[in-house]
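Record features, source TrEMBL:
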- A:1-28: region 'Disordered' (REGION)
- A:15-24: compositional bias 'Pro residues' (COMPBIAS)
- A:65-85: transmembrane segment (TRANSMEM)
- A:89-163: domain 'YdbS-like PH' (DOMAIN)
- A:209-233: transmembrane segment (TRANSMEM)
- A:239-260: transmembrane segment (TRANSMEM)
- A:377-448: domain 'YdbS-like PH' (DOMAIN)
Amino acid sequence: MSDEPAPSLAEAPYGPEPSAPTAPPAGVQRQRLHPLTPLLESFRFLTAAVAAAGLQAFTSRNFLFAIYIALAAAVVGGIASLIALQYRGFVIWGRELHIYGGVFTRSHRTVPLDRLQSVDLARPIRARLFGLAQLNIEVAGGDGTDAKLAYLKADRALELRAELLAIAGRPPAEPAPEPAEGAVPDRDAGLLVPQLTVKRLALASVLEALPVQLTAILVFGTAFAVTGSIFGFSTVATTLWVGFFAPALLGYLQSTVAMVNRFLRNGRFRIGRDGTNLLIQRGLTDTSHETVPVDRVTGVSFDEPVLWRSRRWRRVEVWTAAVAQQSATAVKSTTALPVGEPDQVAVVAAAAVPDLPSVFATERPPRRARWRMPLRWKRTGAALTDRAFVVRHGYWVNTHVAVPYARIQSVKVTQGRVQRMQGLATVRALAAGGLGHDAVALHRDVGEAVAMAAELRERADAAAALERPRLS
Amino acid sequence: MSPKATPVWDLWPGDLQWQPMSPQLRKVWVLRSWINLFFLAVAAAVPLTIWLGWEGPLWALGGYAVLASLRSWAVARTVATWGYAERDEDLLVRHGLLTRRLSIVPYGRIQLIDLSAGPIERMFGLTTVQVRTAALGSTTEVPGLDPPVASALRDRLAVRAAEVREGL
């Protein structure tokens, strides 16, 4: 610790000085959102209302009542959305984007375009029906600064995206608006990995969901057969149906829906690299464009579901420090490759983090930890590689997590009661972002764990020193 | 001390100058555990009184005394495990009696430093320093410092954080 007096922090400007007045004057013409916006935003509510009215009409044969409900909803909704639209809009003023909203509680969000991370174009299916799109605007610096502009006409959204990126002064390597879908003659041009075939994606989705579904069917089938043979099938069926089978069936359905969703989300997956960004386009029904700045990647995870193992397929996910946080609790990572062969995985990994290998030799925890995780033990491990801290865990989905040393925030060593009796400890390297975004090396020998933590800290400092200093 | 009882932080390579917390911290936490237990005892006294009549509150009081003494013993031992050490590049905080925890926070990654003091802490003139990094849910606390020590620590951390800023 030096004895020099503290530098006066107030004088050092943290961030660029605002050159223009921060708020636009009241008279500036606001740009409006598309008039269909309120309708699309209350899409789920509308569907529910229609379903409820339909059900009502169907069960009670009271068509008049249903018509009243529909009329009332249409009138109230129409008036409310017309009023709401008057107060919603946005203005590009200087180097800032101002977004207005709210009728009773006015909101005014200022997005500093200097700190713009990315502008993603998303097209949910309900918006695609009307040729609309939304822009997700992402700014460095955590919560509350991300903004959404929904909905705009698709071509207007592309124009606006280009405009915002131009104001932000992104390097010219950033392409002008991406070509419209279908306009590219060679569809694999400029891609890191050839576009995924539907067949492989479908097979991969099924194989991933199969273990869970098979186990569910087996468990409940045997439970039903055993209890049925003891108590008689009819009583079991009626008594257990409500309390047990219905929820189980619901869970089963949910897993199926999740599988289908994943398939739809990752259909037509294309990943390209442009300068310092990864550009991702995906989606069969809801298309979305995502931009992942490579210098913001805090970690890469490689998932290998148990049935993919024989095919040597893996999925690559990329964690970033600033992801558009729709909800605060959701831990979001971006899929960089839904399923790929070893060489494709290697290409994507190296594109996400320079020089990151995709195959790691991890060291298992000591044998005395084996009884604590009999299935997983063989597939658990940790390694300090050249560039990244790599941990491996999971049986049904075996995951390798690689966190580059320069992205390690803090390191924790914990030792539980039983671990203490066994002389084990767990090392945790935390990366920026949500909970669960950390690399956990389970059950290391205690001496090794502490040495590993010390080594991680040293390497993190060394790696961070090599990088150019950055704000935020 | 048997090797198994050696706390995990004592295995750290190299010498560390562990700074203890203020001796007042034990009083604060014991008092806090008494108050928490008191609410529990009051809550338990109501059904006990309905069930046992006038003996109920006595049982609640007796249970409270036993639990409070056990708890104070445990809390006193827990407080002894707290400690922090400042190294050149990072801050180390250790604590925990049953589950041992050692957190290492590099100065360059510190985003926010909070000073806070609850009502009981204020009675004894103590302050808690909280350090946050960009990783959510990784707040590192250094509780029970004398206010001058706490603000000195805060200032040192802030200066070092500004010097070696490493970002996300």
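Keep in mind that glycine also has a Cβ here, set from the backbone N, Cα and C atoms.
Taken through DSSP, the domain 'YdbS-like PH' (A:89-163) splits into 17 helix, 40 strand, 18 coil. Secondary structure of the domain 'YdbS-like PH' (A:377-448) per DSSP (helix as H, G, I; strand as E, B; remaining residues coil): 15 helix, 43 strand, 14 coil. Along the domain 'YdbS-like PH' (A:377-448), the predicted structure has mean pLDDT 88.
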